[in-house]
Amino acid sequence: MPMAPRVLLLCLLGLAVTEGHSPETAIPGCHLHPFNVTVRSDRLGTCQGSHVAQACVGHCESSAFPSRYSVLVASGYRHNITSSSQCCTISSLRKVRVWLQCVGNQRGELEIFTARACQCDMCRFSRY
């Protein structure tokens, strides 16, 4: 194959692989991601404020494979697939102060948690 068609083919393959992905999804792993949060003091919104907090977003490694013979025997041949996975989770938190604007031009404050660091860790149904 001549050189020019090979280069064109590689460029087209590169476009096909990366099209439709945002920069964040193109980077493997688990990363901090900012999002806007609105805090209200009560259901009526007597005091409220907003803050950019951090979440953990991304993907981590997982795998599934046929179980070993010893696992099959021990499970009565019911556990024929063994899987292992990790989930993107918050590894540490920090408190941040949110300033609230209240009715009557009063001001208040409230502390909320935001992610400080993220990591791939054992998947859990619920941590809280």
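Any Cβ shown, glycine's included, is placed from N, Cα and C.
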(request) With reference to Swiss-Prot, specify which of the listed residues Cys87, Cys88, Cys102 is paired with Cys30 by a disulfide. (result) Cys88
(request) Choose one of Cys118, Cys120: the cysteine that Swiss-Prot connects to Cys60 by a disulfide bond. (result) Cys120
(request) According to Swiss-Prot, Cys56 takes part in a disulfide bond; indicate which of Cys118, Cys123 is its partner. (result) Cys118
(request) Can you sort out which of Cys47, Cys123 is the disulfide partner Swiss-Prot gives for Cys102? (result) Cys47
(message) A 10 Å Cβ contact count, applied to the disulfide-bonded residues Cys30, Cys102, Cys118: which residue has the minimum?
(response) Cys102
(message) My understanding is the cutoff is Cβ-Cβ under 8 Å with a sequence separation of 6 or more in the same chain; which residues meet that for Asn80 (N-linked glycosylation site)?
(response) Pro66, Ser67, Leu72
(message) I want to verify one value. Collapsing DSSP to three states, which class is Asn80 (N-linked glycosylation site)?
(response) coil
